[in-house]
Amino acid sequence: MVLLPGSMLLTSNLHHLRHQMSPGSWKRLIILLSCVFGGGGTSLQNKNPHQPMTLTWQVLSQTGDVVWDTKAVQPPWTWWPTLKPDVCALAASLESWDIPGTDVSSSKRVRPPDSDYTAAYKQITWGAIGCSYPRARTRMASSTFYVCPRDGRTLSEARRCGGLESLYCKEWDCETTGTGYWLSKSSKDLITVKWDQNSEWTQKFQQCHQTGWCNPLKIDFTDKGKLSKDWITGKTWGLRFYVSGHPGVQFTIRLKITNMPAVAVGPDLVLVEQGPPRTSLALPPPLPPREAPPPSLPDSNSTALATSAQTPTVRKTIVTLNTPPPTTGDRLFDLVQGAFLTLNATNPGATESCWLCLAMGPPYYEAIASSGEVAYSTDLDRCRWGTQGKLTLTEVSGHGLCIGKVPFTHQHLCNQTLSINSSGDHQYLLPSNHSWWACSTGLTPCLSTSVFNQTRDFCIQVQLIPRIYYYPEEVLLQAYDNSHPRTKREAVSLTLAVLLGLGITAGIGTGSTALIKGPIDLQQGLTSLQIAIDADLRALQDSVSKLEDSLTSLSEVVLQNRRGLDLLFLKEGGLCAALKEECCFYIDHSGAVRDSMKKLKEKLDKRQLERQKSQNWYEGWFNNSPWFTTLLSTIAGPLLLLLLLLILGPCIINKLVQFINDRISAVKILVLRQKYQALENEGNL
């Protein structure tokens, strides 16, 4: 078994810490857990790096208003568009410019009302740049500018280049990009800033006169900028024009990452297929048809700012109702039911009468390396993105398909290594049917070719199997049979992964191939098991995400206790039977039984009746009266000793009396003989 690294670290057993914690420590722990569970949403670090999300690049002015943005659905840190904010939109509401009364909303209009020339002449001199009338905007387009960064500077550079009062360009050599002739083409900054259009002065004047704002910038990300992960907090620059007075503006670039956009509410054909909650996992519901995204249409009322921005791809999402999440009992029972369907398709004889048990502590899943065929796709809907990543598999076995730079400690899991074609358009690498990618960054249903780094990361295609233990029917009956006391042997358990491998082929390594290409019953069982696995992984990931910012040891303890509480509720509710630290469900050919404790009681009663029929009349005394056995074993010794004394006592006493009388008679005879011998001697004299 191999531990596949991930962001969620598994720690050793921490039960000894519980006995060392005082009541005050428990109070602090409860407060900490309340803060963790009641905190905000999941951070970006908890997300699957291959999962597409809504990325919004924003350009903010000095006033903090968003003057330009663009959106797309892509994996994080893979989409680097060209940003095109207008200079006059950045200068709106600034007292240092000639449009202090123009807010951001008016700057986004098709043709904002120009200030009257009388007021404009008071603010700027003839021949100066500005935003209040067409000629001033046109002169701006032909001017040179330079850009200085605020972030990423050392203390000495910050003192030398100044702050907002100088737009971070207090001295020369602080600028990093721009249109100046003295600037190098290769920028050492995170971005490069140029003019978006290079038209002649006359054409520029006509364009500025017709469309209002006409000075969009062209901001591109450098290779250094694409490696930075600090765009979420935003980075700020100062832009100054190489003209008299060096006027300028400040702008901030920020990335906003959110989940997939919510679907609209309305009539849809998929609603017809929805019914009451399913009572069986025999077949999954049919997938709704996917619709191609409609082409984006230009808006006749769009501004020059809007037309210069990149139009994001619009995707039509299938409407679904917000169904409540499954309860703990339904989720765990569906997991057992899916395991039964898969096991019944591979080894029907094993499911005639048995118990399938869920363990309280991790690991909850084990993986078998798979060698199924993979496919490339640009359709992100083909991936099961509902399940987050960042989960670690502690037990991976078998031989399967690997990609990336596999370390020496994991090469025995690979019988084939695949190279990813990362060039070209962005694509997703889909695993074979019912498979996952177990990567060094965590568990993921799909791989993004733009995110995956072949020189650093590695992934193994695996078949996920829940850690479910198999016991024959007699094991639970013996564990709960208190009417027949005897020394019980330790129960021998088999995991579901071992049973699937033994039921299909002779080994787990080759058995994984049969899991991919099996009969129709097996495919249906695997589909049902996959649905249950997805629901359970989502619940586990939610627990990990809420606790990720806390101590790793605390996360593991709470996560283990959380599954233990789930199983405890099932056991106390009579839905499963407890065997050591496992929650067991009764299985027969009809499937998993929800009321397993009731089924166990029926089995025990039936076994008791059969045993009573085969017993003699005196054997029933010991079964009907347990105290009689204890009383008899207590007084049996003294009774046997008393009986022996009564039987053998008279004989022993008689023998002893006879022996004493014999000895007394012998003594008397000796005394008489001595007297008679003396008289005889006297007569002879």
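Glycine too: its Cβ is placed from the backbone N, Cα and C atoms.
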Which range of 114-134, 345-365, 492-512, 660-680 is region 'Fusion peptide', per Swiss-Prot:
492-512
Would you mind telling me which of 174-207, 276-309, 582-615 Swiss-Prot tags as region 'Disordered'?
276-309
Can you dig through Swiss-Prot and tell me which residue of ASN453, ASN623 is labelled N-linked glycosylation site?
ASN453
Second cysteine of the disulfide that Swiss-Prot assigns to CYS169, among CYS148, CYS208:
CYS148
Pairwise CA distance, CYS583 (disulfide bond) versus CYS174 (disulfide bond), rounded so that it is a whole Å:
67
In whole Å, note down how far the CA of CYS148 (disulfide bond) lies from the CA of CYS161 (disulfide bond).
8
For CYS161 (disulfide bond), list the number of other Cβ atoms lying within 10 Å of its Cβ atom.
22
Structural state of CYS357 (disulfide bond), classified by DSSP into three states:
strand
Per DSSP, to which secondary structure element type does CYS174 (disulfide bond) belong, with helix, strand and coil as the options?
coil
Where CYS169 (disulfide bond) sits in the secondary structure, as DSSP reduces it to three classes:
coil
For CYS354 (disulfide bond), identify the closest of the disulfide-bonded residues CYS148, CYS169, CYS174, judging by Cα separation.
CYS148
Other than its own, how many Cβ atoms are within 10 Å of the Cβ belonging to CYS148 (disulfide bond)?
26
